[in-house]
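TrEMBL lists A:6-31, A:38-59, A:65-85, A:155-176, A:206-225, A:241-269, A:295-311 with the feature transmembrane segment.
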Amino acid sequence: MDFLYILATAIETAIGPIAAVYALAAIGLNLHFGYTGLLNFGQVGFMLVGGYGVAVSVSTFGLPLWAGVLASIGCAVLLALLLGIPTLRLRADYLSICTIAVAEVARLVYRAEFARDVTGGVYGLQGFASAFYDANPFPRGDYGIGDISFSARDLWMMIAAWGLVLVASVVMWLLIHSPWGRVIKGIREDEEAVRSLGKNVFAYKMQSLVLGGVFGALAGALIAVNQQTITPDQFMPQVTFYLWAMLLLGGAGRTLGPVLGAVVMWFLLTVFDETLRSLAATGVLPFLQGSDVGALRHAMVGLALLLLIVFRPQGIIGNRKEMLVNVK
Amino acid sequence: MSSDATEVTAGGPAPVDRMAGVAATPGVAKPDPILKAHGVRRSFGGLTAVDVEHLEVQRGTITALIGPNGAGKSTLFNLLTGFDRVDAGEWSFEGRRLNGLGGHRVARSGMVRTFQLTKALTRLTVLDNMLLAAQGQLGERVWGAFLRSGWRGQERANIERAEQLLERFKLLDKRHEMAGNLSGGQRKLLEMARSLMVDPSMVMLDEPMAGVNPALVQSLLGHITALRDDGMTVLFVEHDMDVIMGISDWIVVLAQGQVIAEGRPEDIRADQRVVDAYLGAQHGEPADAEEGR
Ligand SMILES: Nc1ncnc2c1ncn2[C@@H]1O[C@H](COP(=O)(O)OP(=O)(O)O)[C@@H](O)[C@H]1O
Ligand SMILES: [Mg+2]
């Protein structure tokens, strides 16, 4: 087993574009859950409409890439309104049930035969991101230190993705440390109290749902651009649960919680995957097949969450002072 | 307001008797009502929780709303403040019809309520609880939030006002504590201070003394009379008869959702129906924390 290789691969994944995508989507979830207390179990639905917003605009309708990004933001706003208008006046559980259902229904609709002319059905869409890669300022070659290295293409993608994560984090920090953020956090604690103080709770919850959804959609657009291909089955419900795991791991209700959670989680997942895979290859564990790794990985995420809740419920950088408040 | 805050127990009517000449009959008209409700009804299944034929609250007075548990006091609060929907009836505040208005719009119109089960925003600091209640904040708009220079001045002024209120309620040294770490009584005080931060013309306090330690009750009563003397209208629910008789200008008695009597403290004390329905049974019973909001 080559520990250095495993370590290098894990670091590459932890700072690579996919980790950034998850960080961005988890930032949206953090606004929903960590600050507003909205239980969104369908963040992947926002990623789906975001990814397809770009892909459909460019591939199907021949629009420029920037218009595709605007379309994906627009789709996220529409989806948030669709989810929020009927449910945000009701008890919290209605939203969560709707989000999980709508995200999954959306995936099924996007992959349906009747949608094939627009979305490409189960085959998805390809070749919509060339404008992005044509703009790559880095010459061909490998960039990195030691065993950690990225191609020029990956580097360009990473800069775009982490750049968006940075912008989103700054936006979140500014919002949360403002009177707007105070209202949002108040709603998390007790929305009736906030309403009794003259705030339009419904409007604030809607703003939070829309904005967090837009972060999710941008993450979806990044997935599409990164892979230069999109299929509906990249947006399975477990993506949302990974996002939740990352958010809780990093610390909900902290600006950098979701970012840290995504990085640490991808690091651990890769270490785990690579270790198991090399063990399977050497045949030390005869019962272990290479194909079992995926299943074991889910089990490990579950175990990690369990340990987290027992030993560090506030997450890695969660606010202990807030956590210790006795919430009746 | 500081001088008379200490002589609450001496009680007596307000300096100007705004209720002069008002008859002690249920549903009687007041000379200058700030709140008027007519035919307000609400039932839960087969139970009629509130059925108020007519009720007026006089501006600038302390009006107590009393009645046995389950009489419908909290439900009436919820209805009037837009936290529950009426089955029938209409009501107006400062001459403005409030039917169908959401709770936040009622609060903005100047009628602010507190809850029987305290609703401190537990994972916010005491100061943030207060600041949240300030009205018209530019920084509370999603775009305005980014323009720090736009709301910083407003924030500073709000902090100053919040700290003055906290000082009055003896919570100033707790301002950076999480509200959830306060005692039950302190949370009641915070909720009351917070409702004042809205700058209302009328406050509706649902059992403000419940769970507050007796030493603080005196100062709380002082605050309430001070509010009245500042021109605010106070409607409050309370169980402690000594408190009610001591500070109220007017008392409304609710039983099974209906106003069965109203009048000055001495009228109520002498009212046989009230004694039968309420006072006799209630005296000596511990204050209980039933469900409701
Ligand atoms: N949401 C509700 N659903 C059903 N019954 C309710 C509800 N709220 C209040 N009630 C009932 O209405 C009656 C009045 O309750 P409430 O207004 O809380 O009384 P009070 O505050 O005077 O003690 C009680 O019998 C109570 O059980
Ligand atoms: Mg009650």
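Cβ atoms are placed via backbone N, Cα and C, with glycine included.
What TrEMBL says about a protein is an automatic prediction, not a curated fact.
Since this is a predicted model, take the numbers as computed values, not measurements.
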Is the number of Cβ-Cβ pairs under 8 Å between the transmembrane segment (A:65-85) and the transmembrane segment (A:241-269) three or more, considering only pairs separated by 6 or more positions?
no
For the transmembrane segment (A:38-59), could you work out the same-chain residues 6 or more beyond its ends whose Cβ comes under 8 Å from its Cβ atoms?
25, 28-29, 32, 65, 67-69, 71-76, 78-80, 83, 92-93, 95-96, 98-104, 106-107, 110, 118-120, 124-129, 131, 205, 208-209, 212-221, 223-225, 230, 232, 234-237, 239-240, 243-244
With the transmembrane segment (A:155-176) as the reference, find which of A:6-31, A:206-225, A:241-269 contributes the most Cβ pairs under 8 Å.
A:6-31
Sort out the residues at least 6 away from either end of the transmembrane segment (A:241-269), same chain, that have Cβ-Cβ distances under 8 Å to it, and list them.
10-11, 13-16, 18-20, 22-23, 25-27, 29-30, 33-35, 41, 43-44, 165, 169, 172-173, 176, 297, 300-301, 304-305, 308-309, 314-319, 322
